[in-house]
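Engineer: Pasting a structure here, questions to come.
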Amino acid sequence: MLKRLDRIRFRGRRDDFLDLAESPNTSDTECSEEVVIKPRTSVRETEEVREAEVEPQGDVQAGPGSFSAALDDRTDLNEVKGHLEIALLEKHYLQEELRKLKEESNVDSLKQELEKERCRRIELEQKINDALRSRLEDSPSQTPKAPSAPSAAGSDKQKETLVDTLLKWLYDRFGVYIEDFRFQPEEMTVETEEPLSAKRLTENMRRLKRGFRPVTNFMRNLSALSSWYSIYTSAIAFIVYMYVAWNGWVIPMFLFLAILRLSLNYLIAKGWRIQWSIVPEVSEPMEPPKEDLTVSEKFQLVLDVAQKAQNLFGRMANILEKIKNLFMWVQPELTQKLYVGLWLAFISSCLLPYKLLGFIIGVYAGIKFFIIDFIFKSCPKLRQRYDTPFIIWTNLPTDLQLKERSNTMLGRRLSECEQVIAAGGRGSLTAAAPVGVSRDEDGGRYYSTKRGAFHEVFNLPESERPLTVCETGWRCCLINRDRKTPTDYIRNGVLYVTENYLCFESSSSRSGSSKRNKVIKLLEITDIQKYKVLSVLPGSGMGISIATPSTQKPMVFGAMMHRDEAFEAIYTQYMKIVTMATAINPET
C-alpha cells in the first residue's frame, strides 16, 4: 500500500489537493511529515510526468489491466485525502474548544493576580527591612566617628557589633510587647443564635438553677443568722462582730473571711468533705433524664420550663422597675426619704473623720442585722410601721401596677361622669348609681354584670357581692353532663364567687339570662376538685368539677385560664362557710 502511495503521490492535478496554506492550522504531525520531507518538483518534472501519463492513456492497446490499476490508485489517494481533511478539521475544532475553556476558567487573570500579590509581598518585605535598618542606623548609640587610625577603626567596628547585638537582643526580647501597642480596628464578631429546642431550653434552666445555688445558699445562711435560727451560732457571731467593729477591724475581718472561704473551696476541690451550713440544705430529687418521651410529655416539659422562665423574668423585671421608679421620683414621698438619707450621709462624710464614720457604720450594721431585723421579722406590725427600707421597697410600684392604676383611675372618672349625667337627666345631683349597677355602701364600689346589677341578675340579696379576687369574674364554659341536648350541654359565660354562692352568668342571648344562669349555694356542694376535660391534652387541665345533690354527674367549669386561682378562692370560701356552719350547728 505504501509503495502504491509513493508511486501515485504526485499524479493528477495540483488543484485536487487541499491547499495547506489555506487549511486551518497545518501543524499536524501526520501532515507535516509528508509536506516537509518530500521536496517540491520542478515544472519540467511535472511536464515529464504528465507526458508519461498521457502516453499510456493514448495507447489503446495497453490493455484494461493498467487502467483498472490507475483507478484503484486514484481512489486510495482520495481516501487518504479525506482522512487528512477530517483530521485537520478535528484539530481545528479541538483548538477552538481549548481556547474557549481557557477564556471561561480565567487562568490568565488568576495568574496575573498571583503575580501582583507576589510583588506586593516582596515590596512589604523590602519596606520592613528598610524600617529595621533605619531603626538601627538612627539609634543614639551609633555615633559615626572619622577613622583616625586603624586601631580606632577596629574599636568602632567592635562597638557597632556590640550595639547591633544589644539592639537585636532588645528587639527579640521586647519587640512582641511593642507590637501589641499597634492600633488596629476592632473586629466585630456576631454570635450565632441557636434554634429553639425543648431539650436545650430545659438544660439552660437547670444550669441557671445550679449557678444560682451558691448565692441562694449564702442568702439563706445570712437570713438564718439574722433571725437567730441557731441561737449559739448567732450569739457567737454577734459577739465577734461587735468586738471587731469596736476595734475598727471590719474590713480586715471580711477579707479574712473571703480568704478562708477560698481556702475551704480549695480543700473541697481536692476531695475533702467539708460541709458547714446553719440551715440544712434541702436535697431536691433528681429525676433521671428520659430519652423516649411522648409528645404530650415533651409539651408539658416545655410548658413547665416556660412557666419558670416567665416567673423568673417577671421577678427580675419587678426589681429593675422598682429601682428605676425609685430614682425617677414616681412616688415622691418614697424617693424623698432616700434623698434626705443621701444628704445626711454626705454631710457626715464631710464633717466626721473616716475612722469614726467607719466605726459608726459598722456598729449600726451589726445592731441592725442581728437585733433590729430579728425584732421586725418577729413582729410584722412593727416592721410595717417603722422599717423604712421595707416600707419603701414594698410600696414602690412597678410599671405594670402604674398602668393598672391609670386604667382604674380612668374607669372611675368615666363612672363619675356617667353618674353626673344620669343624675342631671333625672334633675338631681345626688350620687346615684347607674342602671344595672349595685353600689357597696362601705367602699363606694359598683358591682355590675353585662346584663345589669349583680343581685338582680342572680336574684340574690344586695349583700351578696363578688369577692375581691373575682370582681370581673372568670371566663369559662359550663359543661352540664346531665343534659343531653348540645345547647344545654355547654354554655359560655363568667363565673363569680360570693360569700355564700357560686354564680355563673351565661353569655347566650337566645333566651332570657335568668333561665340559663346558674346559682349554686356553697353549703350544698358535696365535692369540689380540679378537673381535666380532655385527657389527650398535656398538663393538669383547665377545669373545676363541682358535685351537688341535685345533679347526677358533677358540673364542670372548663376552659379557665386562671383555673388554679379560681379553685383556691372557691375552695377557701367553701371551707370558711363549712367551718362557720359546723361551729353554729355542731350536730350537723
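Even glycines carry a Cβ here, placed using N, Cα and C.
Because TrEMBL annotations are produced automatically, they should be read as predictions rather than curated entries.
According to TrEMBL, the protein has these features:
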- 42-53: compositional bias 'Basic and acidic residues' (COMPBIAS)
- 139-153: compositional bias 'Low complexity' (COMPBIAS)
- 452-532: domain 'GRAM' (DOMAIN)
- 41-70: region 'Disordered' (REGION)
- 132-157: region 'Disordered' (REGION)
- 222-243: transmembrane segment (TRANSMEM)
- 249-268: transmembrane segment (TRANSMEM)
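Show me how these features fit into the structure around them.
Structural biologist: Cβ atoms under 8 Å from those of the transmembrane segment (222-243) belong to residues 253, 278-279, 363, 366, 369-370, 373-374, 377 of the same chain, restricted to positions at least 6 beyond its ends.
Non-local neighbours of the transmembrane segment (249-268) in the same chain are 241, 274, 358, 362; each lies 6+ residues outside the stretch with a CB under 8 Å from one of its CB atoms.
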Engineer: Quick one: average pLDDT across the domain 'GRAM' (452-532), no decimals.
Structural biologist: 78
